[in-house]
Amino acid sequence: MPYEPSVIEQHWQGVWDAAGVFTARRDAAKPKYYVLEMFPYPSGRIHMGHVRNYTMGDVVARYKAAAGFSVLHPMGWDAFGMPAENAAMERGGHPKDWTYSNIADMRGQMKPLGLSIDWSREFATCDVEYYGQQQAMFIDMMEKGLVYRKNAVVNWDPVDMTVLANEQVIDGKGWRSGAVVERRELTQWFFRISEYSGELLAALDGLTDWPEKVRLMQANWIGKSRGLQFAFSTAGAPEGFDRLEVYTTRPDTLLGASFAAISPDHPLARHLERHDEGVAAFVAECRKIGTSEEALEKAEKRGLDTGVRVRHPFDTAVELPVYIANFVLMEYGTGAIFGCPAHDQRDFDFATKYGLAIPPVFVGVDAEEAPLAEAFVPLKSEPVRYIRGFAGAEVQTGAEAVDLAIAFCEERGVGRGVTNYRLRDWGVSRQRYWGCPIPVVHCEACGVVPEAKANLPVELPYDVTFDIPGNPLDRHPTWRDCTCPKCGAAARRETDTMDTFVDSSWYYARFTSPHAATPTDLAEAEYWMNVDQYIGGVEHAILHLLYSRFFARAMQKTGHLPAKAIEPFNALFTQGMVTHETYATRGADGREVWQMPEDVVKTDAGAALRDGTPVTVGPIIKMSKSKKNVVDPMSIIATYGADTARWFVMSDSPPERDVEWTASGAEATAKFLGRVWTLSERVAAMPDAAGTGDDDLLRAMHRATQDVTRGIEGFAFNKAIAKLYEFTNTLSKSSAGKVAMAQAMRTLAQLMQPMVPHLAEGVWAMQGGAGLVTQAPWPVADPAMLVQDSVTLPIQINGKRRAEITVPADMPASEVEKLVLAEDAVVKFLAGQPVKKLIVVPGRIVNVVI
Ligand code: ANZ
Ligand code: ZN
């Protein structure tokens, strides 16, 4: 029977399903292993990136199960979010229907991959069963002071009259209307993640099984800095503003200050705005920049002199102007700064624009003071010569000077050293329909009241319309009406829904008890947590992982996770992408027209479409719809089978690197798997007769067992696969007898099982393996069989050959010495005389002198 993947794959998937092989079971007798791949957004179609990601997790899950662990390997859907609403707005239909039909499609595409997933634990974050529990946690978090409301700026589209997410703002304009986006203040819900800044940073040190680069990205995002906070006294300021608090990380540059600046949202600016039309106009202009840091970074730096002055803390005769500046953020430090143009490029540009002085504080060690063409910003670790320094030596590093400046200022009562974090509290309010409703109620008498737990879940209404922009919950006729859980009066529901990052911040915990009537079942969480191996894209290295780490802490505080889960992901692996060549033809206007790989044929001259139109072969880049360089996993499965797709994405590159998909590579993989099948058939048909070289074959088998095991354990799947090619070659060339051949073939099936489970089951069955290879214990390499080759060394005693000894070729000389002295013939000859000298010449001879 030829290798027919479509037949055997369906067959074995049916067998696994019927036997419930992948159902995760709490088993006190076994160690547990929880492997999780970042769950997908249900866009509707799986792509090669998914295949690679989920195959990697599957290799680990199948290997660990075989190695004796009780494995949890679940799958779900990150199902709330904008695309569903966009689809509804653009094509009609309902976000819920769109989402669930996509989930059904994607599940249907994923199942043929033969992943060892416990589908009984599947859920989508838009299941009311899931988000109802999220609402319960939200209320618990409110109780513990982890949630609060405050005014915050949002991106406002003045044409569509709607709030926009940062990703809906493109070059400062609304994605649909094209209108310039403005900043607006709204009362919003926040999670107090900043309370954990220090802890989230410090705990990174313990995450030794995370990629260094991810830990670094998290550390930078948390952004710890040490600086000085102090107050200027003001002159000419309105009442109540006689001090202006500023935060600086460079207090050593205080004598180079030439201005102070406040944020347009600073209370002083707010005050002036009300009394001064010029200020009001300027502040209004500033608000027209979106809320993202990126938008602020790009905007031209502008300021307005308020007329207020501040006195220099070291010399009150010196007065500095106070500007309102568009680059000062209210959310960082104190929302006010002093500017030192000589050593900060932004301040330099600002001073140049407004004709302010640029006095340098330090120069290069061997340089003299001279006018600057740009800010002089050496590394803090570099020594410089201070000409306007005030603390410490003349020549010192910036870091030393900063420390000394803080001490100097503290001694004189000018401010105090403070630690600041860049990490802001997490704004979770979204003015969107397709998200988890925030479970609170607005009551005229009681104010903002959490919904009673008994009234949960607050379910999204289905009857909503998307024909006009904005949040349909706001204009729903009845959903908003409710009764206050505290006083029973008529009240209004909150219409904000939660950021979808909330949904993905605790799904890993829910998988441990996906149908519990509480967010988690603590006994289950205690057994299954933590995730032993988390696998996903590096694009989630910052926010998703940081939010999840915060949530694990919040869930502990609210009693939904045990203490052991404070860091939920023991090990993290970030996989590379699947890439492909790009193909383009020339359009009538001379522009590139991207072509799908399936429409391109390679010719001797290069490449062409089927009708002969020449095609230019472009760079190998990440598969993406926009460049059309995508290969549909479903068509690969239809042509070659899932095992080919699985094997190929694991084979050519280390998993952390990109892998290039090529048609020829896929074909070669399919051929190889076919060869394994044919070989297995040949072995099964062998007569029960002895052969030659049984021992060599079994040695190769044990070596392959050791190498493949090491490859999988070390996430070097490509190396494991290279060893499997090698072992298959050895097998096909072997002239060993039936028994040894069948044994080696069964081991090959076991070792291939994590990567190509269907083929492996087929081979296992053909070779008379007991039960399913998927459930067979992982083979163990026998150390005795790993010994490479042996050598026979003559033993000379006082120059005459008296005996010989056979030892492994790679045995260290010290070990050989011991064996020589224990050798019967040697012991007899020595007859108790002491040995003066013993020299082992490795691989050659042993000399004994008595
Ligand atoms: C004076 C100074 C001199 C500064 C100099 C820098 C260089 P990091 O290191 O990222 O924490 N700053 C403080 N609060 C700000 C705000 N709300 N909006 C915009 N900028 C603000 O940044 C700290 C530095 O950023 C502070 O140190 C302050 O400028 C500025 F040669 O103070 B510095
Ligand atoms: Zn009330």
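From the backbone N, Cα and C atoms, a Cβ is placed for every residue, glycine too.
Those TrEMBL annotations? Automatic predictions, nothing curated.
Residues or ranges marked as domain 'Methionyl/Leucyl tRNA synthetase' by TrEMBL: 35-169. As a summary of secondary structure, the domain 'Methionyl/Leucyl tRNA synthetase' (35-169) carries 70 helix, 23 strand, 42 coil according to DSSP.
Taken from TrEMBL, the feature motif ''HIGH' region' covers 40-50. When pLDDT values are averaged over the motif ''HIGH' region' (40-50), the model yields 93.
Residues annotated as domain 'Leucyl-tRNA synthetase editing' in TrEMBL: 220-369. With DSSP classes pooled into helix, strand and coil, the tally for the domain 'Leucyl-tRNA synthetase editing' (220-369) is 48 helix, 49 strand, 53 coil.
Positions annotated as domain 'Aminoacyl-tRNA synthetase class Ia' by TrEMBL: 423-581 (among others).
Positions annotated as domain 'Aminoacyl-tRNA synthetase class Ia' by TrEMBL: 622-661 (among others). With a cut-off of 8 Å between Cβ atoms, the residues of this chain six or more beyond the domain 'Aminoacyl-tRNA synthetase class Ia' (622-661) that come close are 5-6, 9, 45-52, 55-56, 58-59, 109, 112-114, 211, 573-583, 594-598, 667, 669-670, 672-673, 715-719, 721, 755-759.
Feature annotation from TrEMBL assigns motif ''KMSKS' region' to 622-626.
Residues or ranges marked as ATP binding site by TrEMBL: LYS625. Using a 10 Å Cβ-Cβ cutoff, LYS625 (ATP binding site) registers 10 neighbours.
Counting residues of the domain 'Methionyl/Valyl/Leucyl/Isoleucyl-tRNA synthetase anticodon-binding' (695-814) by DSSP class, helix then strand then coil, yields 70 helix, 17 strand, 33 coil. Residues or ranges marked as domain 'Methionyl/Valyl/Leucyl/Isoleucyl-tRNA synthetase anticodon-binding' in TrEMBL: 695-814.
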